[in-house]
């Protein structure tokens, strides 16, 4: 069901109004507490700037890390407020706590167009328990709710779901709207042929998404460590590669389902092997039918890259979730980088390319190709759950369009 968006609210609706905006500012920090990647902060700027422009009082709510319901000084949002202030070119006040006297005082002192960042909502255990009393206090700071935190939309927490019971309208921000448009659109109404590339080390974490994609796609390409569970299920020798022994039957079922559905399910034909799990390991390329004992597969091989490129050539929509190998090690990054380059080229030819969150986003950014893709999802678990066809609580709670 389509959701009401911030675009439906004009300056007349928002000027002078206190607007609670749930954002995803869970950014990586280094040892000195400096932000190493501000992508998530930048991703929220269109929504924040739109609200400032419409004269709203912008109250931002976010979580950071996993403080387990207790105040943890290392997980305060102080560096985030400083970076956001630089990006907006205006001061951003930060509260000492997300509810209580300090938050009320700082919100009460706001002028139209001001921005306040509430302290980490997860300092309260009630946030993750979606406790109604806590949600009501948080909502009590505002009059309108905007959810722009797609990365947290698969959680029914107080700041993503509970507050909507006390604030109307409750609408999707621009980032949330774009995520839903691309990810839901790709699964529900794709331009075909539709291909999905699924990587990563474990079948167990991608079962739901593989199962759904085999129902929806024309082609499914599988890479990453999970391929060895499929090979072992076929009776092949995989050396000391990663295998989930308890998922062998499932791998057989997924292959059988693809065949029954007339879906092209492609696994690599060759792999790059290492003698141990290290960036400087000795390596060799082998056909999947000839993996020697004592070696482990850490990337897809050159022949597989060609096969995958040929399969993708005529596709109009491609969803990619999960790397082809251990791309963190340069020696085993070729498969992942080649797929990234292929998708960038396809984008240039009018194919809709969607990078579905998680490690594939890091891989595309590392390859310097992020700008070339149609859409890069900011969600990890949320992207997977949406692609699985699950209802996300943070989305379901918003007003209907």
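Positions of Cβ are set from backbone N, Cα and C atoms, glycine also.
The feature substrate binding site is assigned by Swiss-Prot to 24, 25, 26, 40, 63, 64, 65, 66, 122, 155. Residues or ranges marked as ATP binding site in Swiss-Prot: 206, 297, 328, 357, 358, 359, 360.
Taking CA atoms as the reference points, residue 359 (ATP binding site) and residue 26 (substrate binding site) are 16 Å apart. For the binding-site residues 65, 297, 358, the greatest number of Cβ atoms within 10 Å around a candidate Cβ is found at 297. By neighbour count, meaning other C-beta atoms within 10 Å, the densest spot among the binding-site residues 24, 328, 359 is 24.
For the binding-site residues 26, 360, the greatest number of Cβ atoms within 10 Å around a candidate Cβ is found at 360. Taking a C-beta cut-off of under 8 Å and a sequence gap of six or more, residue 63 (substrate binding site) has these contacts in its own chain: 25, 26, 120, 121, 122, 127, 152, 159. On a Cα basis, residue 358 (ATP binding site) lies 16 Å away from residue 65 (substrate binding site).
Using a 10 Å radius centred on the Cβ of residue 206 (ATP binding site) and all shown protein chains, the other Cβ atoms total 23.
Of all Cβ atoms in the protein chains displayed, 25 besides its own lie within 10 Å of the Cβ of residue 122 (substrate binding site). Between the alpha carbons (Cα) of residue 328 (ATP binding site) and residue 24 (substrate binding site) lies a span of roughly 25 Å.
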